[in-house]
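Before any comments, here is the structure.
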C-alpha cells in the first residue's frame, strides 16, 4: 500500500500549493466536510452553532482550525509514510479526547481530494489524485491501528 517516490512527489507538489494558504484551504475543506456530513459538526463544540455556509465562512475559529488540521496533515505527508512520531499524539487526542471515528477521517479525506481538485485542477490531475488518495488511505490505516492499540474502535 506504500507509495512510490514518484507518487510522493505528486503529493508534495500539490501540497506546496496548499501551504501557500493553509487557512483558506483548511476552512474550505472543513466547510465541505460539515455540509456533506452534518453529523461531523457535532464533534466540534465551538462550531456546532454554525448552521449556514455563510456563518462558516465568517468564522475565524473555523479558519484557525482548518490551518491547524492542514499543518498537522502536511507534517505527516512530508514524512512519506514514516510518520509514526507525528501520528502517535494525533491518534491519542483523536481517539481518547475527541473520539473521532475513522469514518470521519474518510469523509475529510474525500473533502480534501475535492477541494484540491477544484482549487488546483492543473496540478491535481488523475495521477496526483490517485497518489493523494493512497497517501490519505495510508494515514487512515495507520491511525486506525493506533486507535486499536488505544482500545478505541471508532
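Including glycine, each Cβ sits where the backbone N, Cα and C put it.
Annotation source Swiss-Prot lists O2 binding site at 65. What Swiss-Prot lists as nitrite binding site is 65. Annotation comment: Swiss-Prot describes 94 as heme b binding site. The domain 'Globin' feature in Swiss-Prot is assigned to 2-148. As annotated by Swiss-Prot, phosphoserine applies to 4, with the evidence given as similarity to another entry. According to Swiss-Prot, the feature phosphothreonine maps to 68.
The Cβ of the residue listed as 'heme b binding site' has 100, 143, 147 as same-chain neighbours under 8 Å, each 6 or more residues away in sequence. Fewest other C-beta atoms within 10 angstroms, among the modified residues 4, 68, are seen around 4. Helix, strand and coil counts from DSSP across the domain 'Globin' (2-148) read 115 helix, 0 strand, 32 coil. Rounded to the nearest whole angstrom, the C-alpha distance between the residue listed as 'O2 binding site' and residue 4 (phosphoserine) is 31. Straight-line distance linking the Cα atoms of residue 68 (phosphothreonine) and the residue listed as 'phosphoserine', rounded to a whole number, equals 27 Å.
Averaged across the domain 'Globin' (2-148), pLDDT for the predicted model comes to 96.
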